[in-house]
């Protein structure tokens, strides 16, 4: 088991570093002095956080628990993640929705106020610039959270199109929430523990919904969402209140909710079948190929109007040439870039994320295969260090999701 734990930690570290390199380039592998720190940095260190460079930040990859134990504890009890390296921003103005709908695939206009959805920023070729959660606070206020490794290019992309939009009379402005920190509270104890710290009734707040409310005496943006497949919340809190909130959440859980690092977060999202940008989705990958067609609203499919719509809508109609799928496999855990072959030894694709599942106690992976080889039950070979091992295409998520829905 010790060898399996070591392999799990090493594979996750490599996977995060690889996604980091692809999305942000060399500049993030700087000296410790050049790395940014969240307001909880000292709190992480005091609590045994193993700090590593990620997206230009010094972030905890794990604490005293193993990545395997942290993953299982999140699903059985709960986890508290510091995800303040991610970028929250607000778009405001009467033309905010038509502006944003030029850049993303979501039916933002169709969202009810106080609800959100996963979406994708696309380029002119239909490729993914980044994935993001978009929330309609009101018809004139949209709240977004984008990936840390994509922050610079995302903001440059939005700003470039905003300047053009405003030059034609469009009413839209933005605010980047650098004054706030972001905590992710995930797992079955997330809601009951958070309920201790707010007067709002969380039992009537469902997956994908958003509220502005008081938590532990601080004005917070609360979204019922996450990156683990579990029920949970992302809490945008004024940075001066972040430490007190983190301590209060851990205290109220009586030790059952634990501080959890990027390692277990990656393991959890892989078990949930969720993409890691830079690995499972890149600028040459379309949302259709990535299995995110469901995120393109019916109206958007009919009207288009977003960057790359011609390419994406054609793929919806005719089908993509490649598709993201899940795998179970034998042998060593698959790694990113491991070759996928059919039963005749012909190349049909490539692994993008893979590892040992702490919850299923078996190898899981996702990757892209040529259409025709994508159906669940299809037998494949996965090549690892020159040797081929048996694999089978399987449906995702690997671990059933537990989102809180009415």
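Just so it is clear, glycine is given a Cβ too, placed from its N, Cα and C backbone atoms.
Features as listed in Swiss-Prot:
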{"type": "BINDING", "residues": "234, 265, 403", "note": "substrate binding site"}
{"type": "TRANSIT", "residues": "1-29", "note": "transit peptide"}
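Shown here: features listed in Swiss-Prot, placed on the structure.
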residue	record	CB count, 10 Å
234	substrate binding site	24
265	substrate binding site	29
403	substrate binding site	14
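Secondary structure at residue 403 (substrate binding site), as computed by DSSP, is coil.
The binding residues for substrate are recorded as 234, 265, 403; their greatest pairwise CA distance is 17 Å.
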